[in-house]
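S.K.: First the structure, then my questions, so here it is.
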Amino acid sequence: MFDCMEALGMGPRQLYDVTNRGACMLRKASPFYAGLDPFAWTGTASVRSVETQSTSSEEMVPSSPSPPPPPRVYKPCFVCQDKSSGYHYGVSSCEGCKGFFRRSIQKNMVYTCHRDKNCQINKVTRNRCQYCRLQKCFEVGMSKEAVRNDRNKKKKDVKDEVIPPESYELSGELEELVNKVSKAHQETFPSLCQLGKYTTNSSSDHRIQLDLGLWDKFSELSTKCIIKIVEFAKRLPGFTTLTIADQITLLKSACLDILMLRICTRYTPEQDTMTFSDGLTLNRTQMHNAGFGPLTDLVFAFAGQLLPLEMDDTETGLLSAICLICGDRMDLEEPERVDRLQEPLLEALKIYARRRRPNKPHMFPRMLMKITDLRGISTKGAERAITLKMEIPGPMPPLIREMLENPEAFEDQSESTEKKPEPEPPAPPPPALLTMKKEQEDEDDSWATENGSEPSPEEEDDDDEDGEEERGTDSDGEAWGGQEPNADVSRKSHGGRAQ
């Protein structure tokens with residue numbers, strides 16, 4: 001075979017080239033070029049077959065991912081030649097120079113150079129002269145406007161993140177609770193704008209120990225205010241469902257707190273005065289002389305702290321209710337029940353305050369912190385009541401004595417200053433807080449029916465024994481009879497005291 005090829009003047013390689021060229025021409029001329037291979041039919045040109053298979057197998061292998069682009073390299077910091085972190089405020093700069101320039105512009109910093117205002121600024125010396133560093137920032141092209149725009153953008157982002165007021169919605173039950181508490185507060189405590197102010201010139205220039213005229217007026221107004229606080233408490237949802245003992249305990253514990261909160265909301269900072277419920281307006285000196293004494297400056301300071309809170313009547317009423325219905329008071333019979341009654345009040349004040357001030361979420365905790373301040377003032381007030389008893393010529397008004405003083409401490413003071421005709425066992429504390437408006441309990445009604453007379457609001461009912469009603473119909477001693485073996489002595493003592 002090779003001899004024939006040699007006779008034609010063609011070697012094996014030349015024959016393969018001719019055959020290969022013919023096959024290529026055939027494939028290009030065929031409409032089925034993509035799927036036909038003449039060598040596959042004839043079985044010749046095995047080398048070409050292997051080459052075709054190799055090429056097809058390479059096409060099936062997935063190509064490798066392209067390599068990541070090289071990290072972007074910035075020019076060195078234009079200010080100090082340190083490594084740059086990017087373009088900031090218009091020029092390539094490092095993090096240190098970026099922050100320095102931003103702080104200097106935002107805070108309007110004024111620097112001073114202690115040399116010739118031409119200090120060299122580089123990576124090592126940049127912190128030695130702030131004046132020259134800032135000047136170089138300007139020289140290389142850093143922009144003030146870029147800093148301001150960046151600051152405004154941040155402020156806008158913060159505003160966009162604020163939860164809209166619509167998200168602070170009171171449920172139906174809480175809305176009803178807020179309305180009831182607000183109405184109870186407004187109807188028992190008129191606002192400052194509803195009062196006709198009037199003043200007095202009594203001892204308004206200098207402080208004295210006690211102005212008896214102002215004291216008489218102050219004690220009269222305080223008694224009326226205490227009655228209004230009791231009425232406010234009775235109108236709070238759920239308060240009257242507590243035990244009688246717990247109602248009395250809560251009122252005694254919180255009455256001075258609420259009294260101080262109410263009077264401090266009528267503070268006028270321009271004149272440095274406070275206005276009472278009848279419109280009487282006293283300045284700081286007159287408040288001192290009316291009986292506040294060393295408590296005066298503390299009360300006025302607290303009134304000034306309330307001003308930034310800008311509390312409305314609803315918030316004042318809710319805070320008063322929270323202060324009153326508080327389960328951590330001493331001697332409560334059912335503190336857990338009191339706490340459960342307080343929880344919706346706390347939730348209502350939180351939602352109401354945030355809905356009223358959506359951009360000031362800190363106002364609610366600041367309001368609650370005022371309860372602690374009020375308790376501190378109340379403690380000082382109880383101490384002041386003891387010393388005030390020594391200054392006034394007559395007895396302390398009953399309600400003020402009951403509300404503003406520690407009963408045990410008062411008894412100790414009164415025993416040391418007054419001589420009693422004969423000792424007698426102390427009577428239980430009178431339930432005057434719950435009988436302000438002649439509303440007696442069922443026991444009082446039955447007592448009055450059996451004896452034909454009404455009990456004194458300063459006496460507490462005792463259990464009567466058989467026969468006691470008949471011989472005590474003409475004396476106040478009937479309420480005290482039948483309790484101890486020395487009933488006759490007790491009746492005489494109380495009868496004489498009533499006269």
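Here the Cβ of each residue, glycine as well, is placed from N, Cα and C on the backbone.
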S.K.: According to Swiss-Prot, which of these ranges is zinc finger: 77-97, 308-328, 392-412?
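M.R.: In Swiss-Prot, the zinc finger feature sits at 77-97.
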S.K.: Give me the DSSP three-state residue breakdown of the zinc finger (77-97), ordered helix, strand, coil.
M.R.: 3 helix, 6 strand, 12 coil
S.K.: Using a Cβ cut-off of under 8 Å, list the residues of the same chain at least 6 residues beyond the zinc finger (113-137) that approach it.
M.R.: 79-82, 96-97, 100-101, 104
S.K.: State the residues, same chain only, that lie 6 or more residues beyond the ends of the zinc finger (77-97) and have a CB under 8 A from a CB inside it; answer 'none' if no residue qualifies.
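M.R.: Tertiary neighbours of the zinc finger (77-97) are 121-123, 126, 133, 136-137, 140-143, 146-147, 150.
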